[in-house]
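If you check TrEMBL, you get these features:
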- Lys66, Lys90, Ser344: substrate binding site (BINDING)
- Lys102: active site, proton donor (ACT_SITE)
- Asp142: site 'Important for catalysis' (SITE)
- Thr185, Asn216: NAD(+) binding site (BINDING)
Amino acid sequence: MNALAATNRNFKLASRLLGLDSKLEKSLLIPFREIKVECTIPKDDGTLASFVGFRVQHDNARGPMKGGIRYHPEVEPDEVNALAQLMTWKTAVANIPYGGAKGGIGCDPSKLSISELERLTRVFTQKIHDLIGIHTDVPAPDMGTGPQTMAWILDEYSKFHGYSPAVVTGKPIDLGGSLGRDAATGRGVMFATEALLNEHGKSISGQRFVIQGFGNVGSWAAKLISEQGGKIVAVSDITGAIKNKDGIDIESLLNYTKEHRGVKGFDGAHPIDANSILVEDCDILIPAALGGVINRENANEIKAKFIIEAANHPTDPDADEILSKKGVVILPDIYANSGGVTVSYFEWVQNIQGFMWEEEKVNDELKTYMNRGFKNMKEMCKTHSCDLRMGAFTLGVNRVARATVLRGWGA
């Protein structure tokens, strides 16, 4: 089942639990606007190259639409649609005043020079500048993009609309980016894990963790969890996978990956087959890479008692069923990885106020939001006698449905 089908399925299950009527259900599912643009740029060698850019704006009942822009060869409409819809429910679960959006350009950023990436970003911004905005749609970085990409969008957008730092989040600090934004998703994962374990009478300290993916989210989660006394026993990224049953020294691994651009060859652990990372023996599994990695093929082999979904849609519905029968507790992505969008919201607030916060305030506020989100999700689980995924979906869908009806948009 692809990401869009799985997201639609979860939405419909939540809608039934909430007793929404079919007209309202249909209006919540249909995207507000889908944009597809051609971006043609001169390459460094003088030839022209064309790329297709997308922006799906899913819902704005609760506020401006919010979501990342990814540069990846496989950016395709269905996936962008699913991720835009997930952002609608995620911002509602986090209880921040946004709707959902997602965008991207079908390109391989590793095959483009910095100047080609800049030209591509600027052309894309020129095509969509009148459809995004501080109170309309606020992009952020995603796979294959980063603070520099946001800086180019900000600059290009400002040529048309005047200096507008709040039009994008995840910016460099020097252009109004927020302290703590870089670590936000990983820190949110750590706070979410803490909340879940507390519920079960445990703490992070002494638990054994396996982390799939050692990019921004995985590496920050590993660092912060190990600082709390958690033992990271295995890690993988695109270069390979490593394991040390006594716990990997994360500080040393972070220094190694900066230099060698991957975990492969790190001498503080031994190499293992990257395909076995998800089924390694541990207490808590954190998939922090791609979607659909936990499926019916490997779900039965998973040994973890808890799964924290740091990636978007890492567990497909078949695996969900198998794991719940095994008694594995899954903390769903729309709650577990919402730290990034929450601190993006703090960045937007700081830009609008023209008043920047200290990093300690950012982290304290994030903890408050993550703990409140967990409490609200658990209340929905009790109300509807459902698992955490449905608790999160009913929480998010209910908030968006209420806003839609209150604004008089109910079909």
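Placement of Cβ uses the backbone N, Cα and C atoms for every residue, glycine included.
As the structure is a computational prediction, the values presented were derived from the model and not from experiment.
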(message) At a 10 A cut-off on CB-CB distances, which of the binding-site residues Thr185, Asn216, Ser344 has the highest count?
(response) Ser344
(request) Starting from Asp142 (site 'Important for catalysis'), work out which of the recorded positions listed here (Lys66, Lys102, Thr185, Ser344) have their Cα within 10 Å, and give them in sequence order. (result) Lys102
(message) As a test of the contact definition, list every same-chain residue at least 6 positions from Lys90 (substrate binding site) whose Cβ is closer than 8 Å to its Cβ.
(response) Gly100, Asp333, Ile334, Tyr335, Asn337, Ser338, Val341, Gly396
(request) Report the nearest neighbour of Asn216 (NAD(+) binding site) in space among the recorded positions Lys66, Lys102, Ser344, comparing Cα positions. (result) Ser344
(message) I want the residues beyond Lys66, Lys90, Ser344 whose C-beta is within 8 angstroms of the mean position of the substrate site's C-beta atoms, in chain order.
(response) Gly67, Met87, Thr91, Ala94, Ile96, Tyr98, Gly100, Ala140, Ser338, Gly340, Val341, Thr342, Tyr345
(request) Identify, in sequence order, the residues in the chain of Lys66 (substrate binding site) that are 6 or more apart from it along the sequence and have a CB within less than 8 Å of its CB; answer 'none' if there are none. (result) Met87, Thr91, Tyr98, Gly99, Gly100, Ala101, Asp137, Val138, Ala140, Val341, Ser344, Tyr345
